[in-house]
Amino acid sequence: RLILFVIISLNTLSMDNRSNMTFITFVMFTVYILIISSNFIIVCIIMIHKNLHEPMYIFIAALLINSVLFSTVIYPKLLIDFLSDEQIISYPACLFQWFSYYWLGGSDFFLLSVMAYDRYVSICNPLKYTTIMQKITVNIFLFSAWILPACLMSVALLLNAREQICKFNLKGILCNSTILTLHCVRSRILNMYGLFVLVIFLFIPLLFILFTYARILVVSYRCRGVRRRAAQTCLPHLLVLINFSFSTAYDVLLPRLELDSPKIVRFIMTVQFVIYSPLFNPIIYGLKMRRINDHLKNFFCTMFNVS
């Protein structure tokens, strides 16, 4: 049995205070509902309206589906922990949460890379766009974005499951990279493979995205006609990418560099990952993508009977 400590007793917050627990549980439950509903609404809008049946919007829908899956893996257990006297989780359940956490995170980076490539082709090679971004190409990209990270994380899962556990206190509110600190002996193979996965998940996609957006920037600078379109479609992706990159880098590198960061820092970074990112994506795409924003306005006007 793996004991999971929920780091909420920071300064004025105390898990011993029942009113604090009730308030925190209510806030987390509300956030979970907001994440599910906001992502689900935009995905449905993309599915319903034919003018959104384009590669860029399909990739956005896939990214938002990942946010829903990610939140569903994290929030139900988190809410149970807030309502329980002691926060515990079995080792297999912890490994499953850890696997899902990084599988979906890796998938997000692959999807952001595909979205950057889609914008690159659309802006830098518009005449070849329909030829390159065909339905089969989009399906291959989507399949790869979900399956490749799953395969890489499956190997990491097997390596992790083989390690002997000597510690039973997990510093965190969920099973993320801190699970590596529970092993009796730091596995060199697991560490090296983890860094390899980090390069595949994070650094290669980042370099590719930076290259594509650099090319888009050059074309936009030369041609005024594409500047506005580039800003409208690329800025949301960049905002999501920047937010996701910093939190992921901290989360993955922390246990490997053996940094003893303050509790408040660990708590803030974890909360940013489980709250800010899944809620940030639909807000950004809903506000910044003009077509989605127009359909959202129509949806809410119809819902509230606003003429």
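Here the Cβ of each residue, glycine as well, is placed from N, Cα and C on the backbone.
Copied over from TrEMBL, here are the features:
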- 38-285: domain 'G-protein coupled receptors family 1 profile' (DOMAIN)
- 24-48: transmembrane segment (TRANSMEM)
- 55-75: transmembrane segment (TRANSMEM)
- 95-117: transmembrane segment (TRANSMEM)
- 138-159: transmembrane segment (TRANSMEM)
- 192-213: transmembrane segment (TRANSMEM)
- 234-252: transmembrane segment (TRANSMEM)
- 264-287: transmembrane segment (TRANSMEM)
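Looking at which of 24-48, 95-117, 138-159, 234-252 has the most CB pairs under 8 Å to the transmembrane segment (192-213), the answer is the stretch 95-117. Contact between the transmembrane segment (95-117) and the transmembrane segment (24-48) is not supported: fewer than 3 Cβ pairs lie under 8 Å, counting only residues 6 or more apart in sequence.
Averaged across the domain 'G-protein coupled receptors family 1 profile' (38-285), pLDDT in this predicted model comes to 83.
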